[in-house]
């Protein structure tokens, strides 16, 4: 008011409202248009976003190639969200509203998809844990058929995309203006705090977060039951399988902790903030008043909001998806196949001149030890428990039941010791005649071993993977 009377600055009718100005008036804070904390926020938002994009790309490709629906959706959602975060931060990087882009088309697209992308990301975490719980189910040890896998993918798609699609369709009815543009954050929808927003936008994510935590606990408990049965045989007969089981155990433990200790509390905090911010939730809904009324309640109204009118959570919420993209690297980007894909990408950009070791394929340490010690009887006494060139988050090999694991393991040691001596002495001629060769299992999702996991003796004899009687250590069905 005082500045208007002095003639130094025009009167801003939005000064006491949650927004700063509009594209027509463009009345915002004066210079300086940025400050140190805003610049630090911009730097880390862009830096972490780019890092997240780089490390998430490889897991997304591997999960898609191996047919893992929930994991693929999670990575793709993170790629899209973090790309938007980086681009929006660079476009609206300060508080100089006089130079801000109005955001035509770009913001219209984001308004209808941004909330749905976040919801799909959160639900896909539940779908990952639900899928894992099904794979570790104790009542089944055979791999699903093609029709069963197709049905599972359809169910997964319905679980993940039902609420996001509803949110896209209801955005026009749930919002009361065209969109809002904020410093660093960029385009956001202006949702009316009514029952539509509460039921279809606020509540689904916490519900699926609770379900994801429950499924994480169920998965880990089921896996521990299987692991207790197979651990003794695995440790005594196959070093590669033992190391693989250990990695699986750590990954499941990590994912369980993430769901229970990190994701669930964070989503509950956001739920509490949203409930407080939108209260009371018993406001009447009037379609005509919200879409064709005076500013800001009409479908043509665009608002600008600078950082001085934004809360800490509004300025920081984008870091959740960026840190989540980096966290995805831990379970999905540290497998041998993923690391070798990163290595090939670095070779493609010519970094082998600076780091010559990039030319060497990465092989897990346990597999190197298995190869190095593979001469004579001891060489044939250890072998891979997988029948595919890819490892997975969940170990899957020849199909056996838990009830027969102990009996088969006893017959394993008695049957293999004399045969192994004969095989070493007679070369490779007796291998095909002594034991029937198993059929290779399907490609297993979430790889964790390199493609050369068969021991040196088996490779020299040019035989297929080990007999079915040796694959008793991982009883989970391939998808």
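Backbone N, Cα and C define each Cβ position, glycine as well.
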According to TrEMBL, which of these ranges is region 'Disordered': 335-364, 365-394, 395-424?
365-394
Check each of the ranges 111-133, 226-248 against TrEMBL and return the one annotated as transmembrane segment.
111-133
When TrEMBL marks a stretch as transmembrane segment, which of 295-314, 315-334, 435-454 is it?
315-334
Range annotated as transmembrane segment in TrEMBL, from 2-26, 252-276:
252-276
Report the listed stretch (42-64, 154-175, 195-221, 315-334) having the maximum count of Cβ pairs within less than 8 Å of the transmembrane segment (71-91).
42-64
How about the transmembrane segment (154-175) and the transmembrane segment (195-221): at least 3 CB pairs under 8 Å, pairs 6 or more apart in sequence, or not?
yes
